[in-house]
Amino acid sequence: MNVSRFTEYLSTPMDVSDISTWDTNEVVPTSMSPPSRLQLFSVEYAKVHGYISVCVCAFGILANIANIVILTRKNMVSSTNVILTWLAVADLFTMLDYFPFAMHFYILKEQDLNFPETRGYGWMVYLLFHANFSIVCHTVAIWLTIVLATFRFIYIWFPAKGGTYCTVQRAMHISSICVVTTVCLCIPNFVINNMAPYQKNMDNSSSNPTEPDIVYKLHYRSGGVYNVIDTMNKMIQAIIFKIIPCCLLTILTVLLITAMHKAYKKRMALKNQGKRKESDKHGENNRTTGMLLAVVVLFLITELPQGILTILALVMDTFFMDVYMPLGDLLDIMALCNNAINFVLYCSMSRQFRETFIKVFCRCYPTSGPGWMKMKVVRATENGGSTVIEHSQTHV
């Protein structure tokens, strides 16, 4: 996801000079035929997309701030949580960036302008920033999810060496590499995106017909070396940012499910042998893997449709305008929901996360008295997989 239709538009083999013809308030079919149901749906959904996006972003911003605070506590330090922290940062920046975009270009959109035009020079500068920054944040999140799944698979499939390979330090280094590499790969996109002012036709009834009505729109640099950069950008966007991640996420999902099944059978064997302590340890690891698998699967559900649509847009001439563009807002809101949902997953599937959250944010919550009893609390260790058991007062 490029987190907006126009950034998807700029990364496809189209004439970007036509971008101003796409209006969220009117249907613009690619031929003389009547608009399709998909295009009509796009127009109707665009009317509420801004409001839905703002609500999702508001929740996601708070949720990801909470994720970062909780995952960086001393008792939460592990290689897995380091990656989850970076993922939360990427999701947080995505939503901080999308919030003003949805407000200005959807909710407060000037009705006489096409999407995404604006009369404010400052807003156009922001739009250029958004077109680039949103791609960076989302791509970083995609590759961090791939790293997360890879780390977890290594730990489960190679338990003897998993702790050696998947260290906190290595997780930090690989996460940093993901960020730096993504920024470098986005340089062609930075170069070709530009803005272009034009004078909109003046209304004859205007009170001041001599004052020019300057409107800014996105402009795609072309000609000479820019054509080479353009081709490079399209290849990077399609292959490295879409197709390869979708393939890897699919493969890793299958591998994680297989690894979980293998670990489950091992746990049952230990339980049958009377080794309850080791069985409980494997059970806790399996629950952690299940939570991480849910994170990966949700990302895959969001990204796989975009990967398929990207491939079809590359091989079919009219597919992008007829199908991809009308689905742009819907794909955006799916991705935004995915950015915000991790907090819910952690709270519902991780006892350690819930307890740390209560300890940090609910200090007025009682920690002793009737109804409380001693329970075991699982704390993360450096390798992100093995755990230690401590006693703590927990409400039942």
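Even glycines carry a Cβ here, placed using N, Cα and C.
Residues annotated as transmembrane segment in TrEMBL: 48-71, 83-107, 127-151, 171-192, 235-258, 291-315, 330-349. As annotated by TrEMBL, domain 'G-protein coupled receptors family 1 profile' applies to 63-346.
Per-stretch counts of Cβ pairs under 8 Å to the transmembrane segment (235-258) identify 291-315 as the leading one among 48-71, 83-107, 291-315, 330-349. When Cβ distances are compared across the two stretches, the transmembrane segment (48-71) makes contact with the transmembrane segment (330-349), since 3 or more pairs at least 6 residues apart fall below 8 angstroms.
In the predicted model, the domain 'G-protein coupled receptors family 1 profile' (63-346) shows an average pLDDT of 84.
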